[in-house]
Ligand code: SAH
Ligand code: SF4
Ligand code: F3S
């Protein structure tokens, strides 16, 4: 727990009105919530437990760490089993319809648990809550939910919770957009040795299929000083690897008062002593500069992995998707990257069945997959998102056609990924050990610079350490290795 935040909270006088300025205002409500939690906990004769469940991407996961940090400051003990928790908070995602369905399904189950534990609280936040039709549905059919808030005011979590403790009614607080970034809130990392770091919020790209710009708002970059200070603090606390997070990191800094490119930011992060590895996500191909390729090439810390979502290989479809590059531009970018860094691992996202996609368009996607030879690819079936331009497009592709293309794509992607993975057999590479192996407790699991996983004999003392490992045999998508003494 951050001692400075702790000290500031201690000094707050709850008899005074809540401060107007952030983050002091939230520290005030954290202290207030502490009292409520203490009272309930004394009544029950045990500590209160809270479970934060993340449904979405890495940015959502980072938000969840902030929620957990605030919950711990308030006095909740972290709990991984939802049914055992006194407070369950779902941090939702709405990028595809199935993400939404999962939330509704699990809410139904939670309702049954809550009937038995009436003091249980259920909170919902994240991207789904930014859609008015979702909130309407919750208000009508999910009255047992206690608090609902969105992506823009997540920093107000303690304040919203305090309101709920005081009102006994469902509390809803959703903002349409924000230009605000609140720094210095508590946060609790999932791993002691690695951490995500937001460098920007929102997205301005409006790819025609995508809901993210509507639910995450306009693009805003954090001040580089705040980012560097956060990373320095993390490193002092034992972090060896950071993942810089943004929907389109390549456009970092454009809206700052003193503009700064993403490549320049990386140069600054590289200088932080004690930091061993830098990753970032996600790179939009249209904004990936030669300056960035150069910085990656000369860096000792930036990992040899680039996630470069292509979405489709057809220039026609890319145009309809509003991606703003052609198949040829994408392939030429990949060429430049591979020429500069021959051992780089490239991964991607692909959508199958975008409206109007023909078999010929799909063949173009397969062609890109074969030419780039991705180390792995996330493949998605196009999901219609209400309010996006693509949802209103004609020629939605029939489900059975999409399914058939999806299966063919997956087969090709997996075949190539396995071939690419096996290329490293016999080499020795540095691995950051992340955890004990889940199936075999004589093994540890670590990650190579190129993001591949390797399992090798080891002990829990190795977790968080960088170890040189010989990659003995490739098992398709991961390695079995041996530490080199
Ligand atoms: N900002 C990132 C992507 C964030 S969403 C980028 O532009 O690369 C993660 C992935 O979800 C996208 O890359 C896309 O492949 C997929 N996705 C987004 N909207 C989708 C939709 N409506 N249907 C199917 N997949 C979608
Ligand atoms: Fe969505 Fe496109 Fe923004 Fe990525 S860049 S979040 S796909 S709109
Ligand atoms: Fe999902 Fe929101 Fe991320 S919609 S993918 S959690 S930004």
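Cβ coordinates come from backbone N, Cα and C, glycine included.
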Of the candidates 33, 93, the one that TrEMBL places in the [4Fe-4S] cluster 1 site of 57, 127: 93
Binding-site residues close to ligand 2 - of 57, 93, 127, 203, 210, only those whose C-beta is under 6 Å away: 203, 210
Residue 210 ([4Fe-4S] cluster 2 binding site) and residue 93 ([4Fe-4S] cluster 1 binding site), Cα-Cα, nearest whole angstrom: 12
Residues near residue 57 ([4Fe-4S] cluster 1 binding site) in space but at least six apart in sequence (CB under 8 A): 93, 95
C-beta crowding around residue 127 ([4Fe-4S] cluster 1 binding site), within 10 angstroms: 27
Mapped DSSP class for residue 127 ([4Fe-4S] cluster 1 binding site), helix or strand or coil: helix
